[in-house]
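For reference, the structure discussed in these notes is given below.
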Amino acid sequence: MLAASKGNRVVASQAVVAPADQRCGLIAIVGKPNVGKSTLLNALVGQKISITSRKAQTTRHRITGMHTQGASQYVFVDTPGFQTIHGNALNKSLNKAVQGAVGDVDVVFLVVEAGSFTPADEKVLSLLAPGIPTILVANKLDTMKNRPEIMLWLQSMQDRHPFAEIVPMSAKNDKDVQRLLGIAEKYLPEQAWMYAADELTDRSEKFMAAEMVREKLFRLTGDELPYTSTVVIDKFEEEKGKTKGVKRLVRIAATIVVERDGHKAMVIGDKGERLKRMGMEARTELEKLYDAKVFLELWVKVRSGWADDAARVRSFGYE
Ligand SMILES: Nc1nc2c(ncn2[C@@H]2O[C@H](COP(=O)(O)OP(=O)(O)OP(=O)(O)O)[C@@H](O)[C@H]2O)c(=O)[nH]1
């Protein structure tokens, strides 16, 4: 129920935060293996979810989770390559693509074990694009008991690199995690949220499917179609790829609900051309977003006055 309680909390805050006052930024969590990146991510997000961004410029990232609190939305991205850095891979597979993945985030959390900074840590640090604020997360502080030693180490870290911040903490301590969020907040650009504040459920991909069809619907019908038209997802089923390297399959059936017969004809278009195009475009984009094979069926239905009918709206799953 973590997601639900979180959802309630952030929805409440959403009501008072105007888009002009919002902050939203992409954060890459990097570090050599076993320093606690996953533990930290899970603690920051509340639960691990997989969702992709609506923002075109972030398609190189896989969004692993987000956290919305007060006026700020933290969007955590995966950086393929960094997560698997070890041994020989350091020299072989660390290439420009990996660097690119962290080249356009707003903040980097470089996670290391407090009290230690090995050549592997150094390597990760050297791959970070200059100019992006990097917060050194000195994790597993709880395992270090010697205070003077910690102070000396922190000092040496300060001398080593112009980190934006150095945060000694434990990913297993909720207060520390909150403190990290507070410290990182000022590095999030002042811009509107990319996601709804409560978009933290496993229904996110389904939500994205409706959004995508809706986007095509309005783009391809121009201003003719009233905004009361909507998209309902009737079916969203996924089959995991059983073989390694084979993409999972997502089957979606969606209904575009319009108010009048005239609107239905408009959506379908001449010989069904428009509806076909909507389906094709939405499918292509969803395949990219989900990194999956997508089958998308689109239907159009007329529901006169449906938008005024609260019970019916509820039955469509909009509450
Ligand atoms: N004592 C202590 N242990 C921690 C802390 N954070 C993580 N760990 C432990 O460190 C181990 C590695 O944590 P992960 O979160 O899997 O580390 P990771 O960096 O994601 O590892 P890779 O997936 O190999 O890159 C686990 O056993 C965690 O329980 C911490 O703050 N204190």
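FYI, residue positions are counted from 1 along the chain as it appears here.
Even glycines carry a Cβ here, placed using N, Cα and C.
Within the set 78-81, 242-245, the record from TrEMBL flags 78-81 under the feature region 'G3'. Per TrEMBL, the range carrying the annotation region 'G2' out of 57-61, 157-161, 222-226, 272-276 is 57-61. Segment annotation: TrEMBL labels region 'G4' over residues 139-142 (candidates 103-106, 131-134, 139-142, 143-146).
According to DSSP, the secondary structure content of the region 'G4' (139-142) in residues is 2 helix, 1 strand, 1 coil. On the 0 to 100 pLDDT scale, the region 'G4' (139-142) averages 96 in this prediction.
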